[in-house]
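Some notes on the structure that comes next.
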Amino acid sequence: MRNAQKVGVDVPRAVVYETLLRVHSDDAFANLILPKSLRANQLEGRDAAFATELAYGTLRAEGVLDAIIGEHSSRGLDTLAIEVLDALRVGTYQLMYTRVEPHAAVDTTVRLVQAAGHEKAKGFVNGIMRSITRANPETLLDKLTPAGEIEALAFRHAHPVWIARSFAQVVCQEELADALEGDSQRPVVHLVARPGEITAEELALMTGSDEGKYSPYAVYMDSGDPGDLEPVQQGLAAVQDEGSQLIARAVVEAPLEGEDQGRWLDLCAGPGGKAALMGSLARMDGAVVDAVEVSEHRAQLVKKTVGDLPVDVHVADGRDPGLEPGYDRILVDAPCSGLGALRRRPEARWRKSESDIAELSTLQFELLKSAVSLLRPGGVIVYSTCSPDLRETRNIVDRALAELDVVEDNAHDLIPDMGDVGEHKSVQMWPHRHGTDAMFFAVLRKNP
């Protein structure tokens, strides 16, 4: 922001403010634009860490922050200019959740509004911020917390109530707080060692990291930019959540009836991480993977990701891809709500709508139905989502069992002992339990 330094706003806060404005005005994604802005402004070390925590924390806590601001504002939030509201959000987060001195939070918030050209709003913003400083944070949160156990947990852990209710259908009430809190924890970067290129042990030694707990290809990277690692630059490794690795591996490891002829399919391949892991394993087994992606742009990402692996990329709709039936193994990593990856996208929880799930679940079943038609008798389908919502997980699988010519195999047999992964034959992972995204997968086999 050009005027920020003129009015005395420090660079880290200016970067945070600009990030929020782009998220709310341009529908940008903070995890994509903030790192670029940090580099462009040469922020490193403590300044970069402060800006990252302030930006991501403010976006995650947006619903709570808006309730606090609304409690102290004489005007409705929907009447405020976004530049004013975002400045108040940044300031309120500092007062409620950080050790920043109150006077510094108030002063810099007023200066942000001034830098944005809203001189007339300075007094209004100053009044709200000073009013919040006079309140005890816990007393204020207690006052604003709604009645009802799920509603209260949703507010305290900064989630829309509908998401908390969705999680509550999968985990017990005593565990719900941990499940919600898992969405606000910084995820450890997971690397995948490409089978046939490098082992997880070798990758861990080269990067000074630890091998993963569950996937034989996983390495945990605690800090640093994975793009700076030589194995990543050389295509020997890539960034991939350990849960995603387990799903791709399950496709290859699931028992078949009859001989594996080496025809494998990834029906929803973009952006290509699972297709690449399947391709690495296919090369070792003498198999070939067809990867279908409906978006031309995402199909190009798949091609870039798989490189020279035995993966053929097709731009087509997975519901009718025009491929010859008879596949041995099919992955349906269906488009979903993404509720399992909220920790990676701080603004996502406030952008999503429960009404989207009905349309998504229709698409998910249509894709699964298409996969069954492409599968040979005795072949296997792994159906997966990055969502724990039952409408996208068990409900889809149960409908397939009722309407399609498939039976369900025990997916627990395809993973190591991970503790609690659900009471059904399918697997449901969680950030707070397993350190992965909240990935779901089930294994279906077509009747001979």
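Every residue, even glycine, has its Cβ placed from backbone N, Cα and C.
Going by TrEMBL, these are the annotated features:
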- 163-447: domain 'SAM-dependent MTase RsmB/NOP-type' (DOMAIN)
- Cys268, Ala269, Gly270, Pro271, Gly272, Gly273, Lys274, Glu293, Asp317, Asp333: S-adenosyl-L-methionine binding site (BINDING)
- Cys386: active site, nucleophile (ACT_SITE)
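Structure with TrEMBL features highlighted.
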{"residue": "Cys268", "record": "S-adenosyl-L-methionine binding site", "DSSP (3 states)": "coil"}
{"residue": "Lys274", "record": "S-adenosyl-L-methionine binding site", "DSSP (3 states)": "helix"}
{"residue": "Asp317", "record": "S-adenosyl-L-methionine binding site", "DSSP (3 states)": "coil"}
{"residue": "Cys386", "record": "active site, nucleophile", "DSSP (3 states)": "coil"}
Of all the recorded positions given, Cys268, Cys386, which residue's CB has the most CB neighbours within 10 A? Cys386
Rounded inter-Cα distance in Å - Cys268 (S-adenosyl-L-methionine binding site), Cys386 (active site, nucleophile): 13
For Gly272 (S-adenosyl-L-methionine binding site) and the residue listed as 'active site, nucleophile', what Cα-Cα distance in Å is obtained after rounding to a whole number? 15
Give the sequence-ordered list of residues that share a chain with Lys274 (S-adenosyl-L-methionine binding site), lie 6 or more positions from it, and have CB atoms under 8 Å from its CB. Ser244, Ile247, Ala248, Val251, Asp266, Leu331, Asp333
Of the residues named as S-adenosyl-L-methionine binders, Cys268, Ala269, Gly270, Pro271, Gly272, Gly273, Lys274, Glu293, Asp317, Asp333, how far apart in Å are the Cα atoms of the most distant pair? 19
Same chain only, sequence gap of 6 or more: which residues have a CB within under 8 Å of the CB of Asp317 (S-adenosyl-L-methionine binding site)? Val294
Gly272 (S-adenosyl-L-methionine binding site) CB neighbourhood, other CB atoms within 10 A: 26
One finds that other Cβ atoms within 10 Å of the Cβ of Gly270 (S-adenosyl-L-methionine binding site) number exactly 23
